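Step one of this worksheet: look at the structure below.
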Amino acid sequence: MTFTEREPAGSPDAGGTADGAAGDDTYVPSERRIARERHRRGRARRATAVAALSTLVTGVVLYLIVVHAPGWPRTRETFFDAGYAREALPKVLDGLWLNLRLLLVCGIAVLVLGMLIAVARTLRGPVFFPLRVLATAYTDFFRGLPLIITLMIVVLGVPALRLQGVTVDPVLLGGTALTLTYSAYVAEVFRAGIESVHPSQRAAARSLGLTHRQALRHVVLPQAVRRQVPPLLNDLVSLQKDTGLVSIGGAVDAVRAADIIAGRSLNYTPYIVAGLAFVALTIPMTRFTDWVTARMDRRRAQGGNL
Amino acid sequence: MRLDRHALRRAASGATVALLALAVGCAPQPEEKASGSTSATGAGSCAKGALATRTSGRLTIATDQPAYEPWFKDDEPAGGKGFESAVAYAVAERLGYGKDAVVWQSVPFNKAYAPGEKTFDFDINQVSISAERRRAVDFSSGYYDVRQAVIALKGSRAAEAKSIADLKDVTLGAQVGSTSLDYITDVVKPKRQPAAFAKNDQAKSALKNGQVDAVVTDLPTAFYITAAEVTDAKIVGQFEHQGGTPEQFGLVLDKGSALTPCVSSAVDALRKDGTLARLEQQWLSDAVDAPVLT
């Protein structure tokens, strides 16, 4: 897959100044190059300064607009009350633990199920026709059905059937509903990824003697999954926030914990606390995936970017 | 080339400044206007039919949707049937607004206390008065003394409870934002975390499905649920008032509303002349004898 390794991608200027016949003496940059680099550094510093200043000005202006709004004192009291924030934080974190566990379990289930459905949809051959139809119907149905309705049906409707041996735990049922909906989304992401791999890759794999399954496993999926990382992360973040919807069955997650305090005090600060807790979870997740993606890209781009 | 770019940038930054200036100009909304004009009218004057309401000459009353029995009959606040609908019209009458001068509005519970201009004159939605809530909104005098009750499926362990202690081991549920939930956490102190539902409807189906063993609501709602909605459930008992002032429902007004004293005196007058007692008898007469849990 990779190109033969030449020199590492070198300094970006290499092409411009390298006077081929430098021989084996130590490399001395030309006057012109030094001047050019100095100029570039200057420009970069200036750009940073301008960006910082403009950010600062924007920030200050926005702050002043909000703070000088006539309703600000009441807004501050209603949304940013330190006392309620302190009261809410431990309860919100307790609830967040439920969100996190749900995210982990449902996240894994969603990835596995989504991949299976996507593969089922891309299977060729007349034998697999019923499987393809089922997989298509599944994605069409659960992607279309509003999540809240899926949750209502599973969390409140399934126990009403009074089936022996089926749990009535709202968290387990809620997790099932989330998995149903999200695996339909994720299956579509995977399918798009699988179909985005150029047919020549498959043809090349087959011509090397790989079976259809081997080609999928060793050639198509690795390339597909790599392209899927950003949209998959998107779905994961979305799932993380939606885990709170299991509270429909009475379970107390971070948002519902905030609800409880807000309902008693008629103060919205607990919601802000819960919101920030979710954001605090999302940011490291995003940075981590960015890092993973960048690492994969670097590996793929060995031999230089064109 | 260079000049062009500079000019462009200058234009861009000029546009940014203009935009920001525009934002500054637009941002402040005259919240003062309402309170300013009403304070000019003076808090003392409750001239009949001439209050400083949202829409002059009309009284805008809010409640959540759906509106539940026995507080509102058939989810129809404007029908005048059901306890709260009747109270709302009685208060309006007192304030000098006839039936056609009353406009109903649907406002969810957790939006009724948002800061900023209110779209209603008062909200009637089984909201219990508490000192803590007074920090966010104004309350009228109480129009109903509330008692909380426990309901459970007949024949279940929770249904056999005779005391609060018997409820410690069962899974309890209540609607979020209700004092019922506070009764669970503060009075019953159960061993298992109580379930908090967005609406009583979900609490009811969880009770039917056995996802919770018992649900706490106010007594009239409990009577309605057991009589009409979950008929294989029964009222286990009611809680006694927990010290201090009894829990009361009050009408919710904007914080610092000029209407608060007028609405309060209207409610006081209705209590005094027996109207409230009569309406209670008419719409909530069932809610009389349920065993008291101690």
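Placed from the backbone N, Cα and C atoms, the Cβ positions cover glycine too.
Nobody curates TrEMBL annotations by hand; they come from automatic prediction.
The region 'Disordered' annotation in TrEMBL covers A:1-26.
According to TrEMBL, the feature compositional bias 'Low complexity' maps to A:14-26.
According to TrEMBL, the transmembrane segment annotation covers A:47-66 (among others).
What TrEMBL records for A:96-289 is domain 'ABC transmembrane type-1'.
Residues 128, 131-132, 134-135, 138-139, 171, 174-175, 178-179, 182-191, 193-194, 216, 232, 235-236, 239-240, 243, 246, 253, 281 of the same chain lie 6 or more positions beyond the ends of the transmembrane segment (A:100-120) yet place their CB under 8 Å from a CB of it. Residues or ranges marked as transmembrane segment in TrEMBL: A:100-120 (among others).
Here TrEMBL flags A:141-161 (among others) as transmembrane segment.
Annotation source TrEMBL lists transmembrane segment at A:268-289 (among others).
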Same-chain residues near the transmembrane segment (A:141-161), Cβ under 8 Å, at least 6 residues beyond its ends: 168, 170, 173-174, 176-178, 180-181, 183-185, 188, 242, 245-246, 248-249
Contact set, same chain, for the transmembrane segment (A:47-66): CB under 8 Å, 6 or more residues outside the stretch: 72
Cβ contacts under 8 Å made by the transmembrane segment (A:268-289) with residues that lie 6+ beyond its boundaries: 78-81, 84-85, 87-89, 91-93, 95-96, 99-100, 229-230, 233, 236-237, 240-241, 254-255, 257-259, 261-262
